[in-house]
Amino acid sequence: MPGIKVFGGTVLQGSVRVSGAKNATTKLLVASLLSDKRTILKNVPNIEDVQQTVDLCRALGAIVDWDKQAQVIDIHTPRILLSKVPPQFSCVNRIPILLLGALLRRCPYGIFVPILGGDAIGPRTLHFHLEGLKKLGAEIIVSDEGYWAAAPDGLIGAHITLPYPSVGATENLILASVGAQGRTIIKNAALEVEIIDLIVFLQKAGVEITTDNDKTIEIFGCQDFYSVEHSIIPDKIEAASFGMAAVVSQGRVFVEHARHEHMIPFLKALRSIGGGFSVQENGIEFFYDKPLKGGVLLETDVHPGFITDWQQPFAVLLSQAEGCSVIHETVHENRLGYLSGLAKMGAHCDLFHECLSAKSCRYSTGNHPHSAVIHGPTPLQATHLVIPDLRAGFAYVMAALIAEGGVSKIENTKMLDRGYTDWLGNLERLGAKILTEKTRCV
């Protein structure tokens, strides 16, 4: 689906069921490669990133049965058939880098991963991944073509302190530590709910692994694995995205299966600007309650802070909130470029290289525009936009739904297919009027 036309002035009403978490599903598929045992995953989202990961696992030797209607994947990998990841998988997303940690136990003489692709939100260095793997005893070679890792003598448990609680590095080191001899302790680890889901999965598989409140994870190497049946947690990013779309359109949407305990920082921020929500037994209802009030500081952070993937759609809310609000992006150094699209629609957005917060972040001395000031409320005008990345894509669709002046043309919507199950159908069922290039106007 290369492009869509979105009619403005839409009020979203109804209900939507949130899917399984993208950022959990893809990592659990990689984790299934740790052994030759059978894994059954339930509540699997039908999105492009999962399809790409399934195809990657199949290329490596996995036998996969994916019942998309039942949302169930049955996977087991008797043998690893390739030690070099085909380049077509590395250019799509960053999942293949986790194979360095996941496959060193089964392929000790070498795993090669080509240079990575993914969202255009900054370099996202792999230094933390590679240095951690070295501490476990891996040999690492970095070239212009990609990353090579080997552990011919096996991995040995170690004490690792991450300079920054990187989600990807934490996942990679957990997977590698499962195949190491002895005990590994990872300090300053990321503890996002998707990582906790990975830990729960590994415990079911027979791994001895625990966490502490001080961001410490302890793992004992495992040789005997069990088959696992596991239901994936709901996607907190998808849930928040539809919640924000409901509020900004001045509508009311019940997001089934949204978990309050996974979304506390988001719900706090939403309430701080006047957005309405009601936590119910099987989900959260989001609604427009009163005119939105800005004057807030939105600062992204690792768990338990306000996660970076909520930031872009939230900026659309701030463009409709009265007052001057500040966004301080501390996770990715180049995640505010999408604001040029909102500015094209009429939003008042100013970018800054400085940390516009009492707290300086790791980008304070770099030449990265990682802070923004948004003045609102500003009527948005329909225009032509090209989606730069997944979450910016949903932000653009939100903005187009409330735009004045007719129809917005949005291109590169395939980005949305990476992370939102049937996003177009869900929006249309909520009342959005969206035409694809294959849709004929009557």
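One is the number of the first residue shown, and numbering goes on along the chain from there.
Backbone N, Cα and C atoms are what each Cβ position is placed from, and that goes for glycine too.
Marked as phosphoenolpyruvate binding site by Swiss-Prot: Lys22, Asn23. Remark: Asn23 (phosphoenolpyruvate binding site) has Val167, Glu192, Glu194, Asp235, Ile237 as non-local neighbours, by Cβ distance under 8 Å and separation of at least 6 in sequence.
Counting every protein chain shown, the number of other Cβ atoms lying within 10 Å of the Cβ of Arg94 (UDP-N-acetyl-alpha-D-glucosamine binding site) is 17. When secondary structure is read from DSSP and collapsed to three states, Arg94 (UDP-N-acetyl-alpha-D-glucosamine binding site) falls in the coil class. Under the heading UDP-N-acetyl-alpha-D-glucosamine binding site, Swiss-Prot lists Arg94, Asp309, Val331.
The annotation active site, proton donor is assigned in Swiss-Prot to Asp119 on the grounds of sequence analysis.
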Could you list the residues of the same chain, at least six apart in sequence, whose Cβ is under 8 A from the Cβ of Val331 (UDP-N-acetyl-alpha-D-glucosamine binding site)?
Thr300, Asp301, Val302, Ile307, Thr308
Under 8 Å by Cβ from Lys22 (phosphoenolpyruvate binding site), counting only residues of that chain that are 6 or more apart:
Pro45, Ile47, Asp49, Val50, Asp235, Ile237, Glu238, Arg418, Gly419
